[in-house]
Each structure stands twice: as structure tokens, then as C-alpha cells.
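> I am attaching a structure below and will ask some questions about it afterwards.
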């Protein structure tokens, strides 16, 4: 039966199709069609857009946990309530600035005793509340308040910078976080799961733009184990979801949602949870580690931006020229390359290859080319000139045709850019986990567009109607249908312009290699670049073929990228004179593909390059994804927590699927403590301003 939720999903699917150029789903066949399910999604890279993408692709109705603070927002709150979201009160949203300063007088003998300077602990705090240090350097629960200037905390501060703050003679500012009773949240979650419905949660706790998954919050384990402990007949499945964006903040970018194998929770963990105390913490810790491993199997995680850049370049070099890859295959290759690189990164041959790839990337920047354009500079002057003139003329015609629609949307473009940039600065200032604050851009662009677009098109409709009736243009008058027809006309013109711009930008980007092919003084450097790419691709392939069998006995069984005898096109194709060829040959996908960009366009290689000096200013987020094809399945349709194995696919990229995580670097231990007092899911956590803490 159609519900408000279904109408919202349809509405936002239309909106997402306008914002994103392509959204693909992978592994959706693994989602249980019935029964209680908890969707755990990461990385949380696009704030409010992430839930919309999941709702669109999950094929199940999901009740997301959302910060109570967000529920109070006019539009966001209305949509959240309509989609059956569960509000979560977060301590950080209720935090107050502490009076005075705090310090640690004896960190060796009394690490739990906090001394105040001009503080009023008895008025501002109570047992069970928390004190938080600046810059998110840690927080600890108050277990005893001795006086206005002295209290005892539950856990000592171990972070070096936190200790540095606390041991200063003048002390450090702090914030008071009240204890929040999350029993109502858990009751709502348990009720939803007992009804056989689904819960959605982002266990990282907040959106970010980093290259790897943040430490997970323990609330999700309490929800799963608590529900099963309270109802022995309940079988909760946990489905890991990889949310993967390419230029997540950009209009008309691409996205992939990957669903991993459902995690079955063993009964022994449920029994340990029931016993409480240490065994409860152990059960939660083991399940959280299991979830973390599962999320890593559907995402790409690199330690830094430079590694991600090298991995993406290596994957492009390994892919045969003219061989188009599906978006999901591009992501799978990225993941396998990362895992192989992390295993063999200390090998001198891999280090040498990495250095060569970084140099090659710099050469691409110097020439203003993308990797897939390098071999297209060898078309020959005659063919290059014909293609250049044709595409330039075509682009000119398209610009003329699309200009009215572009001009009409200039106010919308300017308003969304200004407001989203302002929100980006605010989010970056208020967070210690964000790199550039780009995780909020898409959200605010969509929110602003949802408000401004109807108003702007309504204004255009009013002006058009006024002109029609002022000059008595009877042919354009259709009674009461006139305003509807006019409004739809503006929408259709805008939509046509948008799709025309997609192709137009593809054509524009294809002009650069053709232009370089026509410059006499650039022939030598371009030819050297092509030769360098061919040699680098050959050396990389040989290295992969040599190291691959050391990781997988069945290395050659199945490849995403098949082996080719000649992996690169011959640079000696006839080009000295302009030959006659049909129009279809001009548009051949070996030269240019109008319908879809090359897989190197998917990359975030220059995501954080400073546009003024091309310096790296931050780390780009890794990404991953998978379509819903049943072939090349990662594992069984249902996996147990005890035996859930992450993808073991490596530099080799050729194996269908991994068998274990033995070859993958050890996953950092996820800290799980104090589950009895765990405040639960923290929602879309935005850490308070560094200055105000």
C-alpha cells in the first residue's frame, strides 16, 4: 500500500536524479526481504543526502536515527517525521560552557581527580554528567563531586594533547555535558525491530570528508543485542552499506551504494550481553569489530590523500585503453588495489612504482590532461584537426541553444553557491574531524534549491503571464492551464539545459588533447608522455602479475579487466593526411563517448588541489561501491559475525572475491567501553567550535 514514505522516496528520487548524473546500487539482492534489519552505513560523507540515497536504493522502508536538534528544523524535521525517523537527544547539543577552568594537579598518583579554578561544579554538574575538553580532546563522566573546585571522573584522560591542556598552570576551558537518558530511543528502536521493520544508522556518529572510516559508536551494538536479548525469537540482521561518492559536493557527480552480506548475530553474543558487566562489554566490542570489518569490505580506506591519488592512477594505468568499465567495477578495482598496496607497500618495487606514478601524475597536471586523454593525442594532425573543428562547432551550437536555460538559472546557481559555501565554513569551524567541510555542500545545495527553484520559476511564470495578457497573445492563452503550462515549460527548458551541459562539458574536455595534437612545438613532449604511459602501464601489469599469485592461488581464475596481448593502442596509426570517414566514426567510443565519461572521470584525484598553486590542502575521501549483479558475489548471502570476512582483494584486482582478511593490514581495534552508560547513537554529530569549548 502506497504511503507518505513511498511518496517521499519517489519525490527525492527525482531530486537526486537531477543532482547526480549517475547513481548505482550494488549488492541490493543481499538485503533480506523481510524481518528486522539494521542498515549501518559509512562513510557518512554527505550529511542529509546519505539517508536519501539509502532510502532510494534499499527497497525496504527505513527509519533513520536523526539528531533531535535536526528534527526541530522546519523543513528537515517535517521530512524526517514523514519518513518515520527516530529523534536522538545528543549531549553535545545540550552542552554549556563551564565556569572557570580545570586542571590535573597529580596526573601520576591521582589521574581521576580534577581540580577547578574559579569553577562551580556543584551548580553546573551532577553525577552522571560529563566534562569535555576543547577541540574534542576527550570527555569523561563525573562519578563524584567533592566541592565546587574538585571532582572525580570515571576515566582518566590519556590523549597527550589532553594531558598537555590539563597540566597547564592556568588550566583549560571545558564544557558541561548533561546526562541524557536514551531509554526512549532504545525503546523506539526495539519496537521498530520487533515489528519486523528496518533501522538506519550512521555509526561513525557524524558526517565528514576523510579518506577512511572514523571510529564507530557503540550504540548500534546495544540496539542489535538489546533487541535480541529482550526478545529471544527476534533475529536481527545487520546490513553494511558503503556510500560512495565521486566529487560528492559537485552537481551532476556520480554515486554508488554497495550493500554487503547481512551479518547474523551469534546467540553466544546475545547471552553474554544478557549477563551484563564485563561480558556485556565484550559482546558489544566483538560485534562492533565485526561491523567495522564488514564496513571496510564495502568501502575503500586509504591512510591519506596521496595514497588514494596513487591508487587511482595505478588502476587507470592497469585498465586497457578503450575498455570501458562500469562504475561499480571502477570502485572494486580501487578497493583491490588499496588492499594489495597495503600488503606490498614495503616492497622496493612497489615503492619505486609508486614514485613513478606520482611523477606521471605531475606530468598530467603540467600538460593539463587526464590519463584517458593521453593516447588520444596520437590521432594525427589531419584527424585531430577534423575532430577539433567539428566538436568546436558543435559546442558553439550547444552553447547558443543552452544559453537561455543557463541564464534563467543563474540566480539559483549563485544563491546555492553562496549559502552552501557559508554553511561549509561554519561546519568546518565547528568540527575537528572535517578536512574541508565538503560533506555539507551537497545537502545545502539541495535544500536551498528545493526552496529557491519553485520561487524563481514562479516569478518567471508570473512575468510571462503578465506579458502574454498585456500584449493579448491569444495563441499563448489556454485558460486556467496557461500558468501550469508556462511553469512546466521553464522546468523542461532547465532540464534540457542540464543534460545538454553534461554532454557539452564532455565535449569541452575532449578539446584539450586534440588542441595539443595540432601544436608543432608540443609534439615531442606529448610523444614522450605517451611512451612514458605505455611503459608505465606495461611495468605495472608485470608487477601485478608477479605479486598477485603470492596473495591468491587462483589469481588467474577471473578478472574484472581481462588480459590483452597488446594493452595499448599503436601510436603509429595513419594520420599524415585527412582521410574520409563517416560521421559515426568521428563519434566512435574509441575516440570519444558522448553518453558516458571515461572511468578516470570518476576519480577524486584533484579533489583537494588548491586551484591557485596546485598544492594538496587536504585528504580526499576514498569510496567504493557495487551494483546489484549476483555475479562476482563477495560472500554468501548471509554471513555470521563469527566468520564474517572482509574483502581480501588486492593489488591483483583479478580475483573474483577474497577468502579472508589475512592479507589485509590489521584493522585498528575499535575501542568499546562503558556500554551500560553509553548514550547511544550520536546522530549527525557536529563537534562544537574549537574556540568556544
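Just so you know, glycine gets a Cβ as well, placed from its N, Cα and C.
All annotation found in TrEMBL is predicted automatically rather than curated by experts.
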> In TrEMBL, which of 446-468, 515-537, 538-560 is labelled transmembrane segment?
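Feature transmembrane segment in TrEMBL: residues 446-468.
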> Could you check which of 304-331, 332-359, 360-387, 388-415 is flagged in TrEMBL as transmembrane segment?
388-415
> Between the candidate ranges 591-616, 617-642, where does TrEMBL place the region 'Disordered' annotation?
617-642
